[in-house]
Amino acid sequence: MSKLTPGDASEHISHQESSMKTPKEDSFSKAGKGFGNKVDPLVVLDISLGKTEDDGPIKSPRFGGLANIVDSSLRSIQSASSAILHHMIFAKAADPDAPFVVTTKDLSDLSTERTHQALARVLSKAASNLPAASPEEEESLKNNRIQIEALVRRIGTEDDDDGRRKSLAEDSKDTMQRKHDMEMAATALATVVLRSKPDEGIRNDASEIEFRRSAFGTNAIADKKLDSFLKLCWNAVQDFVLLMLIALGIIGILVETTIGLEPGEQCGHCWFEGAAILTSVIIVVLVTAGIDYAKQFAFIRLTHSLNETNTKMVIRDGQQISVTDDDIVVGDILSVNSHNLASIPADCVVLGPPLSGGLKIDESTLTGESVLISKNPGDVVLSGTTAVQGAAKMVVIALGTNSVAGKIKARVYESSDHEGEGLDGDEDSPLFVKLEKIAKRIGVAGTCAAIVSFVVNCIKGFAFGDEDPKQALIEYIVTAITVLAVSVPEGLPLAVTLALAYSSNKMMKEQNLVKHLDACETMGCATTICTDKVRTLTANKMTARAIYTTKTDFSCNDPAISLGEFVQKDPQSPNESTTSLIATLIAIDTMDETTVKFEGSKLVDSTGNPTEVALLVLAHDLGHDYQEIRDSTRGRSGKGELAEFLVEGKQIGFSSARKMMSWVVPLKSGGYRVYCKGATEVLVARCTRELINTDSEDSSMEMSNDSRQDILCVAEAYARRGMRTLGLAYNDIAVDVDFDAKSETLLNSDGSEALCIETELVFVALVGIEDPLRPEVPGAIKTCYDAGIDVRLVTGDSPNTAVSIAYQAGILQDFHFIDTGVEKVASNLKPNVLMDGKTFRQKVYKIDEDGSKEFDQTAFDVIWPHLRVLARSSPDDKLTLAHGLNQSMLFVDQEKCKELKSVDNIVIFPDRQVVAMTGDGTNDAPALKRADIGFAMGISGTQIAKDAADIILLDDNFASIVTAAKWGRNVYASIQKFLQFQLTVNIAAVVTALVGSFAYAKSPLAAIQLLWVNLIMDSLASLALASEPPTDELLKRSPTNRSKSIIASRMWANMFGQAFYQVCVIMFLLFFGPEVFGFEDGHLVESDDGLYPGWKKEKSVHYTLIFNTFVWMQLFNEVNSRCLQGEVNVFRGIDKNPLFCGILSLTIVLQIIMVEFGGMAMSVAEDGLEGKYWGVSMAFGSGSLLMQQVINILYKYGYFSYDLWRERRRINSDPRISTHVGQ
């Protein structure tokens, strides 16, 4: 709070006296009694509210011109508030760091109760806590405290019959009077209690902000309580496979240390294998828990990143500035507008007078009720609710955990029942569904294989052998569990998580903030992108380049000079009254949040709506100060002596149905003037007169049909040049006109009745605003088409503007036009390529007998294959488009698809459409939610749009959507690569284990070795393959069908081909290895169990060679798995992925250590392998590379492809079909 001494106050008021009329001078002269040169504080608040003793009854059109509405209760609240103000001016104003006179609990209780009584208690306590600054003030404070008690009785409320507290707006017996009372109470709360003036806000310096945070807390809620590492370890251990492995390890230790030992005999090192299995399980559990722990922190980082994109407009030091939600403090004045603010960030009290026809709040997030709640000055608005209509200023009273929503959120975070929820979304994506099906099928196959292994071994051992039943049974069970363990792809969940997390982190660096991990892979399947124009395709640097006024067109083609400068230099330049009217209309009929700042003639800063920024710059270049116009206009200014008259004006905010925005202000001569700006064709249709260029002010004449057509022709010409057009008009109305009256003849675009005050307008000007195309957009659009992704433009602009931008961007191409040799305009397009929102709705909705609308999917399927541009569209049109595309089953109609291909060269994707939708406004949220992937604008998007979206574009750039598509496809490809690698391992390992168990009653690969391959090495492989960077080739393929199996036919060929090679190698080493490589006695496979006399019970070189060869084949196949399309050079691009190379090198080092030093723990030979056996292992391993080329050749000629095999068989069965067709 700025320092103000009594002398300063007197000097300030004395300064105002010189500009005030005589009656108010008398009031101010009375204010100094009793304090020498000081001012009576009981009058100060009245002055600040525009009320003095001599003013008499307040008259306001907002109250229907009623007089004498201020009674003793009004005086009571004025005096009560003034009592507090008295102390602030004379005792505390010089000390801005003095403690606040209310506590956080007082304000929190106010937001919780939301009653008049609670507000009265806060004011009462504030007054009672103010000590007198001097003895002479003590008597004054006593008297004022008596008046405060009257205030409590006046605005306090009792419980109604059912015990529920009435809201501030509901419990008033005299609504009009009470609303005015509450305006003053809210102003006292802000100005006196929280030291924040409605028009100036708080001081914008670090010390003030920190002081308020220390007094009332921060607007942040403690991060979600993280699961402890031990709890995550416990969760990880619940995995069924790991539980089986734990049992396997324990059984192994028991078997090796108890069964078969003579009394007093030591077990030696036989228990190592079981202990090693348990050690491996511990490692897996620790790794899994570590990843889950890191995911929790990643979620917190994501939350913080999202918070940084949520900004609000607050007033500090008299200036509107943008701050993040976390930077808001108690006492901040929020400038709330349904267009630039969706979610309320803190509990607030509405300040008066109401703007834009009042404020309506959606409280369904807290109450579950969908009815919009009107909020008047003095009402409490809760955090987490949504402003959906109107505008207002609010003072923040509670935030963070002291707010109502914050308390709820804190309780949820503290509840152990909810811990761990919400990290990755509630529903599985199509990818996870596919993977779950695969895992279940593999589990069933593995279980069958384990059962077969157990049954065969039992029959072989018990029916035809003479083994010890107890020991044999346990070994058969261990072998069966081993077979089951190796059949399950344990590394698959890890691979999916790593691929998604890696891609989302990389996408963040490329301006895509991914809110839900599964949105990555969903974007990889996208077949259609429905995009906005402004900010997404264009640079959002709007500049007025043409204006048509007083029947004259002023088009500036020189970018070096401004339009305003061009107009003023033109010989036919309109007169001063015309340019003044244009500037006044622009200044008044733009939102407070839109501001521009100049240094000389140079624009140095701007905030708010870019279109309005362009208009304000035009007003400045025409020689007028927009802020000066606003501040000096009664009914528009909220500052100084005109603040009390702000209630006389009314803002009618923009709506997609009306396609215009208006502001009503009183005229000095009586009556009101309605200033309007909006869509050209809508505004011109409502104009009956037009401005003419004469010396007299506001001269107009009746608008003829020819004049109306001239304006529309100019607008069309502007649109063909890619400019957005806006019409400017006004209407003078009488005093007694009802602002809310509806027209019986004119309708809005949605069929609702138009406002009467927005009809019979006087046309002032048509402005053409240019927004240049982003230079990278045409290339990005071409990339989308190459990738099989259709792009559709959905915009509110006129058809010709939309066509111009779409053609420049590449969305529309020459073949979309009937005659390619003429100008590319809307009238030259083929049928259904362009459609305006009204026509679109008429065609895709059918009206029932009862008048209700029903979506017609059949009619929609006729339109959408051709549709490329939807102009003059509404947010509901976006929702309809997303729904229709998503539900379309047109691909099933093969005849129709063939017809579209042959006649229009339109290829219908052979599956349901996967729709990506962009949006930035609150009304876009339903469409973003309905689309498969919703993209919200990070810079210009409202918070509710960001909440509804799956991905936030941090740079608002269409090219970033293409980046998201590339990374999404890369996620899918990465998981396919790992599946190809992992399932090859599983197939080869299961077959090897089965054959070994049939031949020797146990697998040639020990359980600990399979555990190493299937858990540790595969986990490293999942990280290596998940980190593969995307390539441009990914965007040269068609999208993936949402119903198509993730395992493509070529992948099956690669898996079974490589598994066949690996099994053949292992079988060769198992059965023919001793003869070929000349293993000595004691190194044969049977030596493991001491089956022959004199042979030691140790792990043989034979089995170690099998294990080592098996691993080396996996290592080389890991390189093969990088390629899914049959590429010859499998090493291509490997140097661009250092992580892959590093992990592969680490795996090799670990394998060498395991073989040479693992000994009994890894079930390998104690002395490791000789050099020649290492050479054998690597030679067989490298054979996987050669085998891959063989598989590629066989697949190319259809021997591994079911589709090609079926086609070849069809051709062979019909000799009339050319073999060339089959090829």
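Just so it is clear, glycine is given a Cβ too, placed from its N, Cα and C backbone atoms.
As recorded in TrEMBL, the features of this protein are as follows:
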type	residues	note
DOMAIN	195-251	domain 'Cation-transporting P-type ATPase N-terminal'
DOMAIN	312-411	domain 'P-type ATPase A'
DOMAIN	1003-1192	domain 'Cation-transporting P-type ATPase C-terminal'
REGION	1-33	region 'Disordered'
REGION	157-177	region 'Disordered'
TRANSMEM	232-255	transmembrane segment
TRANSMEM	275-294	transmembrane segment
TRANSMEM	442-464	transmembrane segment
TRANSMEM	476-502	transmembrane segment
TRANSMEM	978-1000	transmembrane segment
TRANSMEM	1006-1026	transmembrane segment
TRANSMEM	1047-1072	transmembrane segment
TRANSMEM	1101-1119	transmembrane segment
TRANSMEM	1139-1161	transmembrane segment
TRANSMEM	1173-1195	transmembrane segment
In the same chain, which residue numbers or ranges, 6 or more beyond the ends of the transmembrane segment (442-464), come under 8 angstroms Cβ to Cβ?
472-473, 476-477, 479-481, 483-484, 486-489, 983, 986, 990, 993-994, 997-998, 1001
Restricting to CB pairs under 8 Å, which listed stretch, 275-294, 476-502, 978-1000, 1047-1072, 1101-1119, is in contact most with the transmembrane segment (1006-1026)?
476-502
Positions on the same chain near the transmembrane segment (978-1000), where near means CB under 8 A and six or more residues out:
438, 442, 446, 449, 452-453, 456-457, 460, 479, 482-483, 486-489, 491-492, 495, 499, 1010, 1013-1014, 1018, 1021-1022, 1025-1026, 1046-1047, 1051, 1054-1056, 1058-1059, 1062-1063, 1066-1067, 1070-1071, 1085-1086, 1110, 1113-1114, 1117-1118, 1121, 1124
Could you tell me the mean pLDDT the prediction assigns to the domain 'Cation-transporting P-type ATPase N-terminal' (195-251)?
82
DSSP says what for the domain 'Cation-transporting P-type ATPase N-terminal' (195-251): how many helix, strand, coil residues?
32 helix, 3 strand, 22 coil
What are the helix, strand and coil residue counts for the domain 'P-type ATPase A' (312-411) according to DSSP?
18 helix, 51 strand, 31 coil
